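In what follows, a single structure is set out as structure tokens and then discussed.
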Amino acid sequence: MVLEVIVLSYYTILGTLGIVLNATLLYLSIFRSPSQIKTYRILIINFALTDMFSSFLMMFIAPRVIPLDLAMAHIFYGLCHYAGPFLCYASYSSLLHLFMHSMWSLLLSFAYRNYILSNGPPTSFKLFMCAVLVYIPSFIQFIVFTFTAGDPQTILNMLKVKFPDYELDITTITGITDVLSPAATFSILNITLPVFPIYTAILIFRRKILKKLGKNTEHLRTETRNIHKQLLKALTLQACLPILFTGGVFLFFLQAIRLITHPILECLICAIPAPIPLLSSIISLYHIRPYRQALLRLFTLRPDFID
């Protein structure tokens with residue numbers, strides 16, 4: 001019971017802050033974006049919406065993951081507990097697909113910054129369609145992974161055999177009864193395999209952007225060049241955030257091979273990467289100067305404030 005309260009409190013705090021800050025970022029991107037990023041704000045809106053819904057879903061499900069040899073149990077402490085196992089699992093699947101979409105969106109953002117330094121900005125419609133196309137792999141993952149949910153009673157019985165001391169009767173339990181099934185295998189590979197090529201492409205685009213910003217930028221106004229640098233810095237920091245996933249994956253691996261098992265470690269598998277949507281919004285609000293100035297004007301109540 002104590003662990004449940006701690007986990008639920010943790011996700012409630014993170015989720016609430018994530019929703020508020022990403023809603024703020026969404027507002028600023030729509031109404032306070034300077035002319036230099038009027039088109040790019042579509043991608044900022046995409047990030048804000050993705051992270052805002054991720055924050056809500058984390059708070060809604062408050063997950064705990066328990067490896068079970070070739071199966072996997074998911075325990076949910078959030079409000080989804082009152083709606084039943086399927087909605088909990090579908091929400092968990094949605095959360096995973098939003099994290100994956102965020103990674104693809106990072107790649108699109110780097111590609112966009114590289115493109116406009118050599119070409120004119122595309123139309124808002126073209127950029128919107130690119131964002132939709134990038135979303136398709138994640139959406140397919142969401143549909144497939146949702147239907148990998150096993151029978152809750154079967155998962156509960158497996159847990160009672162493996163961990164007879166666990167008190168699980170008051171929680172919502174579901175999971176995957178066979179991680180080697182086609183649907184589960186597809187979903188797992190779709191989450192893990194693209195990571196390396198995505199980050200390889202991001203590093204290539206970042207190097208090209210820095211090279212372009214270092215030369216042949218005489219045609220750019222100082223203000224425009226500075227905004228390019230601000231956005232690149234924000235994207236670079238956001239690209240570092242998924243490293244938090246490695247902590248969760250490492251703990252999952254340790255428990256999957258039975259090197260160490262503990263309820264707290266099972267909660268940490270999802271809890272370690274949970275701050276990503278919150279941190280991503282903080283990075284954007286701080287490093288995109290017009291947004292930072294708008295917030296400072298608001299909190300200092302000085303409309304003439306200049307950062």
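From the backbone N, Cα and C atoms, a Cβ is placed for every residue, glycine too.
Since we're looking at a predicted model, the values are computed, not measured.
Quick look at what TrEMBL annotates:
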type     : residues : note
TRANSMEM : 6-30     : transmembrane segment
TRANSMEM : 42-62    : transmembrane segment
TRANSMEM : 95-115   : transmembrane segment
TRANSMEM : 127-149  : transmembrane segment
TRANSMEM : 184-205  : transmembrane segment
TRANSMEM : 235-257  : transmembrane segment
TRANSMEM : 263-288  : transmembrane segment
May I ask for the residues of the chain that lie six or more residues beyond the transmembrane segment (235-257) and have a Cβ under 8 Å from a Cβ within it?
47, 65-67, 69, 99, 103, 106, 109-110, 113, 195, 199, 202, 206, 265-266, 268-273, 275-276, 279-280, 283-284, 287
Would you mind listing the long-range same-chain contacts of the transmembrane segment (127-149), meaning Cβ under 8 Å and 6+ residues beyond its ends?
39-40, 42-43, 46, 85-86, 89-90, 93-94, 96-98, 100-101, 104-105, 107-108, 112, 174-176, 181, 183-184, 186-187, 190-191, 194
For the transmembrane segment (6-30), which partner among 42-62, 184-205, 263-288 gives the most CB pairs under 8 Å?
42-62
Could you give the residue numbers and ranges of same-chain residues that sit at least 6 residues beyond the transmembrane segment (42-62) on either side and whose C-beta is under 8 angstroms from one of its C-beta atoms?
7-8, 10-12, 14-19, 22-23, 25-26, 29-30, 33, 76-80, 88, 91-92, 94-95, 98-99, 101-102, 105, 108-109, 112, 124, 127-128, 131, 238, 270, 274, 276-278, 280-281, 284, 288
